[in-house]
Amino acid sequence: MTPVDPRPGDPVPVESPYAASIRLSVAPMMDWTDSHCRVFHRLLAPHARLYTEMVHANAVIHGDRAKLLARDPSEHPVALQLGGSEPALLAEAARIGADHGFDEVNLNCGCPSDRVQAGRFGACLMREPALVADSVAAMIAACDVPVTVKCRLGVDDDHDYGRFLDFVDTVASAGCGMFVVHARNAWLKGLSPKENREIPPLRYDWAYALKRDRPGLTVVVNGGIADAAEATAHLDHVDGAMLGRAAYHDPWLLHRLDVALYGGELSTRADVLRSMRPYVEDQLARGAQLKHISRHLLGLFHGERGGRAFRQVLSEGAHRPGAGWALLEEAISLTALLPAPTAE
Ligand SMILES: Cc1cc2nc3c(=O)[nH]c(=O)nc-3n(C[C@H](O)[C@H](O)[C@H](O)COP(=O)(O)O)c2cc1C
């Protein structure tokens, strides 16, 4: 299509919220980024893109969808991350995910756990670009939302940028336009998943080079981003920064980044938390337990006045029968009373 110059009075093209959300995202994290967590992150970062925990395609197809694909309407834009390596199953799971209202389906090519390796998916797929391309093509044909890939740089002692680029090119040729690059290798033998997030060295320069070499692709960098300055600096080189552990342990970072990147006024921790009250009360009324929600909130006052007391009150009280919003108010009230922490 030939581009047409805008005429005076034409509406200025507006970046869609989904497209804009690429600048800041919260990583998929098993056991952590469940729906309660995502609702909390959404309140902190109204513009960021959120990711579910990884769900295996088989589980989406045969499992308890109400639980596995639970999602609150406030979570948009939110991506469903799938695990698997059988194109037909992934396609069916992608279709189900899109029908459930997810804005994107992301394929996990980065998880190194033994269980995942035994199932021949996750990071070991870095060695099977043709299979990933077939999977992505099948997923794209089956659903009408973007299909993206989260990958590593390579596995074990592959340290060859050309091979990484071949992987990306093969998968991109099947129609995948976005890659989240956890910018280190996965070592499939000898390291636990936790060690695999810490020991293999970070090579952000490979993600930057990918964006330079393939400017038409959307490239998001992930891995070890610890603070707002680091996250913003990455945006000089790639389209987005994805934060995992730092965002989970210090969720206020998400709020500061959202305001820095998208504008708006900084709120207060207490106000953001109080804006979660209708959700919490609704969930409790539906039978949820406070501890399943409050566990994601523990880091909100990280490094702040009363932050420890906040955490302690929630950790000790949230599992008690009948625990409700009053406990959160009690925890908030302590943050106003106690002295700020001193350096240790
Ligand atoms: C508890 C935990 C669970 C994770 N689960 C997933 C997952 O389900 N899918 C995935 O692609 N990555 C998973 N990861 C990896 C993160 O998405 C991310 O790539 C990694 O933590 C590096 O980013 P960070 O240094 O900002 O935490 C997990 C990480 C953690 C800490």
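Each Cβ is built from the backbone N, Cα and C atoms, and glycine gets one as well.
Going by what TrEMBL states, the FMN site holds Pro28, Met29, Met30, Gln81, Lys150, Asn222, Gly223, Gly224, Gly244, Arg245, and the candidate of His56, His62, His182, His292 recorded there is His182. Checking the recorded sites (Asn108, Lys194, Arg197, Arg308, Arg311) against Gly224 (FMN binding site) with a 10 Å Cα-Cα cut-off leaves Arg197. Listed recorded sites: Lys194, Arg308, Arg311. Those with a CB atom under 6 Å from ligand 1: none. For Arg245 (FMN binding site), the same-chain residues 6+ apart in sequence whose C-beta sits under 8 angstroms from its C-beta are Met29, Arg197. Among the recorded positions Met30, Cys111, Lys194, not one has a Cα within 10 Å of the Cα of Arg308 (site 'Interacts with tRNA'). Each of the binding-site residues Pro28, Gly224 was scored by the other Cβ atoms within 10 Å of its Cβ; the lowest score goes to Gly224. Rounded to a whole number, the C-alpha distance linking Lys194 (site 'Interacts with tRNA') with Cys111 (active site, proton donor) is 10 angstrom.
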